[in-house]
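The feature domain 'Ig-like' is assigned by TrEMBL to 146-228. The signal peptide annotation in TrEMBL covers 1-21. Under the heading transmembrane segment, TrEMBL lists 236-260.
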Amino acid sequence: MLVFDQKILCSFMFLLTGVVGQMVQYGFVSTCAVRGSTVTLPCSFTPLASFTEDGKEIPLKIVRVRWCVNHLICQTTTPSVYDSNSSNNNPRYQYLGDMKSNCTLQVRDVQMIDNATFRFRMEADNVKGHFTKRGDGIDVRVVETTKMSIKSSSSNSTFRRGQTVSLQCTSGDCTVHQLEMTWIKDGRALSETSPALLLGPLTLEDSGNYSCVLKTDNETRSDPFRLQVEADNKSYLPLILGGVFGVLLVVITLILVIIIKRKRAAMSRNDGGGVMEQKPADSIYTSIQPPAAVQPGTQRMETSQETEDVSYAAVQFSANKHIRKLEETANSTVYASVVTKG
Ligand SMILES: *[C@@H]1O[C@H](CO)[C@@H](O)[C@H](O)[C@H]1NC(C)=O
Ligand SMILES: *[C@@H]1O[C@H](CO)[C@@H](O)[C@H](O)[C@H]1NC(C)=O
Ligand SMILES: *[C@@H]1O[C@H](CO)[C@@H](O)[C@H](O)[C@H]1NC(C)=O
């Protein structure tokens, strides 16, 4: 909001100063820098091309550029952090600009003393061309190097495949947008060096522990951020397993019920002594009808034994069929769900 307002103000000022022709524009109003880091202060300027004196137009040329801190005008006696006329500027302050339009300053190895407002001043070969934009400047807020921390664009740490997530490396309330970072994933450095790490579309391989650290200070290394990408079918697996298990349970119960029923039927038949009372549908049973000549006692025993064997065999057979059928059903269920997933 502040930046936006500032921009509007800048444009307005430009309209006003455009008449005169002098202008300084800073890339932003304020920035935050971690001690020991490098910060670049973007700046552009438009010098006055000429002035009129005694009816003559005299061209102007910028001969000196300066940056000072905490001073509204940066005039003659004000100490500068950078002065193009000086031969012993502190090498921490690098002027990346020129004498025509670019006044960008880079501050390396930021110190607490840089917690200040920076302003640019241009000086021409005539005093009429000297200019400092009053008021405006770049506020640099310096914070101690502390442990970095990772902010995720999402509140959860578990993600599905195909999603995207951005991890932001921050230091307290200072978003270090100009810093050189090293991103580390599971102990290995990544190629990304900006404070924001954009991941996505996520694959399973993106899972891991991420941390970030300032290139200049290993002690700033953040706690690991654990990112987990889940396989899509993972949540379905328990369902499928549960389904198969349930089907098996039903099959086993069915088998038991059939066995018990058969046994009971056989027992009740034997008790009544009527071998001929059996169901006509049971062809296996009918085929082993006992010979009439055998003594009643023996016959009963044998029949009982055979009945048990036969019913057991019959049950086994039908149960196998059941299992196979149900397994097929289960398989086709799994298959169907896999297909629908894909
Ligand atoms: C000014 O110079 C810096 C450093 O060379 C460069 O990054 C920046 O883009 C320049 N700005 C403009 C407006 O040309
Ligand atoms: C940095 O400057 C701001 C004002 O611009 C001030 O509030 C803050 O206390 C200063 N921080 C340090 C560490 O001097
Ligand atoms: C990530 O860290 C957790 C502990 O915080 C550990 O259990 C896990 O194995 C680590 N993962 C990798 C891939 O190193």
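The backbone N, Cα and C atoms fix where each Cβ goes, and this holds for glycine too.
Just so you know, TrEMBL annotations never went through curation; they're auto-generated.
Within the model, the domain 'Ig-like' (146-228) shows a mean pLDDT value of 88, rounded to a whole number. Residue counts for the domain 'Ig-like' (146-228) under DSSP, split into helix (H, G, I), strand (E, B) and coil, are 6 helix, 39 strand, 38 coil.
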